[in-house]
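Going by TrEMBL, these are the annotated features:
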BINDING   74-81, 141-145, 195-198  GTP binding site
DOMAIN    65-342  domain 'Tr-type G'
Amino acid sequence: MARFPRGSSAPHLLYSFFNSSKSTRPSPHSPTSALLLGNFHLRQFSSSAVRAKDDKEPWWKESMEHLRNIGISAHIDSGKTTLTERILYYTGRIHEIHEVRGRDGVGAKMDSMDLEREKGITIQSAATYCTWNGYQVNIIDTPGHVDFTIEVERALRVLDGAILVLCSVGGVQSQSITVDRQMRRYEVPRVAFINKLDRMGADPWKVLSQARAKLRHHSAAVQVPIGLEEDFQGLIDLVQMKAFYFRGSSGENVVAEDIPEDMAAFVEAKRRELIETVSDVDDKLADAFLADEPISASDLEEAIRRATIARKFIPVFMGSAFKNKGVQPLLNGVLNYLPCPIEVNNYALDQTKDEEKVMLGGNPEGPLVALAFKLEEGRFGQLTYLRIYEGVIRKGDFVVNINTGKRIKVPRLVRMHSDEMEDIQEAHAGQIVAVFGMDCASGDTFTDGSVKYTMTSMNVPEPVMSLAVQPVSKDSGGQFSKALNRFQREDPTFRVGLDPESGQTIISGMGELHLDIYVERIRREYKVDATVGKPRVNFRETITQRAEFDYLHKKQSGGQGQYGRVTGYVEPIPLGEGSKFEFENMIVGQAIPSNFIPAIEKGFKEAANSGSLIGHPVENLRIVLTDGASHAVDSSELAFKLAAIYAFRQLYTAAKPVILEPVMLVELKVPSEFQGTVAGDINKCVRSILSLTPHFFAFFLLPQVPLNNMFGYSTSLRSMTQVRQRFF
């Protein structure tokens, strides 16, 4: 792949472009403008300034510093999509504000699926981009429901920063804890945004205390609300010490005023609390604070940025996205406190050096390294979302999939704005783009072939629920299979399997809503109606005592007849001996010719495949053949096979059969406050509880539960624990 040559040619390119474009804007389709206008912050340079800059630092560094990749994550119904809608409006990406659920017939921009607009929830993460104060911000809006947690997982895997949205009424909720855990896993710096201050019962200080206690956040407010609930009017910035009010029909005019006198003492106390909290984790600010030196707004802002990027502090913003208040200061906070791509340590594994860790500096001049983190089936084929960590990718380039070794051409390169696409010619390190026509799997790494790096994979949780599904019409089997294959490729937590015993198609996922959404999508997108039910549990039957058999099968219908007699007994095999079916021939002499013995064994095995109690296979039995009789003309393999089958059916009742059911060993990790509720509930359906072990603020429960009782248990457990349990 072509790269920018080192030395003075790249700055010269910048200088030449600026020199020739003072009065006219270049075509957005030219490679030069794609480099500068599409992905980077622009600034006028003189030739001497370019040379001085080139001597001190790379030409691309300042442009990379004006780039942010962020995700917006929270518990369901905390206002993530509403917040994203306001961000897009204030940055000029959209020109009208529409609400979630599509009450106006349009719906929020980031909820592009009909199901999302109908249900009022985000099902798939959606990517977009915008510009604010000369910075380019790439945004991924993620779902809040626990069933779609993989969307949050793979978004956080590729982002440099995040906004954790908290509801000022609901506070820190179950999925808030899950999302925060995911942010810690991928070491993502974050800011918090306490939303819905206009609602009745709003209490941001209670939410801040909960974040410190439940999420173990080292955090402090950087803003103070002016009024709450119906009286919420604006915000006071504790860094700048200014009051901000949001005027206009959509809050687009931010007016800065002096702090109200009646709030001056409270604001001073909160600013001192902010300085003390940041001083605990930032030595430079701590020195100034302990020396009782005056701390300027710029000093405090720089200290908050250092501590946030180091993941030692979380600044807390406030507002009401629905009422159009507090969004612009939050955007400023994203630029001021969250890192740019070159401030985050990203590592690849060098496959030529036994997976040695290699740090990626985010250099556009380096070899291409990109990670495919999400797949979608688009109108023009498979759409692959890429995060570029180093180098440049261009339309028409050949790239190498390190996981498969295949060399692939990039036929089309786009930037996403929800479900809309903008064609671009190239994209550089730090960008999030999408590519059509690249056959790959989620988690594959692409390079230009000069290096053999792979990125570490993301965490994929195991499914917790299964359903049996089949198409209503046999004619739609092809479309049904096509849909299941597509959804498996797109979603790593959606699994499809075939039960070899029952022949049922089993789909597994993260919960009832997760599977219901896919069944509904099969109906809408592929026009296939499917029936859904509880998967058939594979019970077993066995016998409990010895029983004798002596059966004669004789049939004469003209010509050669059928004759076969089998005598012997059946007895149970003790559990734990390993064998499930044994057949022994104890006949002395030639009462039955030896060539008929395999047919007798086959007959008993066939009969044992379906017991008479519930029709499930019979296990743990030993059949002993002691005697029998044959006929010189009428005996045959079929006759002895039928004799064995009927003999088994005759003796089965006398052997006192019982039903065996599969029992699962389940490990649950549950918060301590729900110990009584969960233990009491599980006692109703368990065979025994093997252990109950306390562990910090939680406890481990190890019960043995019949599989038949486990169906739907994950849903009831989530209800009991507010979605804060973990299955193993």
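Cβ coordinates come from backbone N, Cα and C, glycine included.
No curator has checked TrEMBL annotations; they are predicted automatically.
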Site with most surrounding Cβ atoms, counting all protein chains shown within 10 Å, from the binding-site residues Ala74, Leu197: Ala74
Cβ neighbours within the same chain of Thr142 (GTP binding site) - under 8 Å, at least six residues apart: Gly71, Ile72, Ser73, Lys80, Thr122, Ser125, Glu151, Val152, Ala155
Chain-internal residues near His145 (GTP binding site), provided their CB is under 8 angstroms and they sit 6+ positions away: Ile76, Ile121, Thr122, Gln175, Leu513
Residue, out of the binding-site residues Asp77, Lys80, whose Cβ gathers the largest set of other Cβ atoms within 10 Å: Lys80
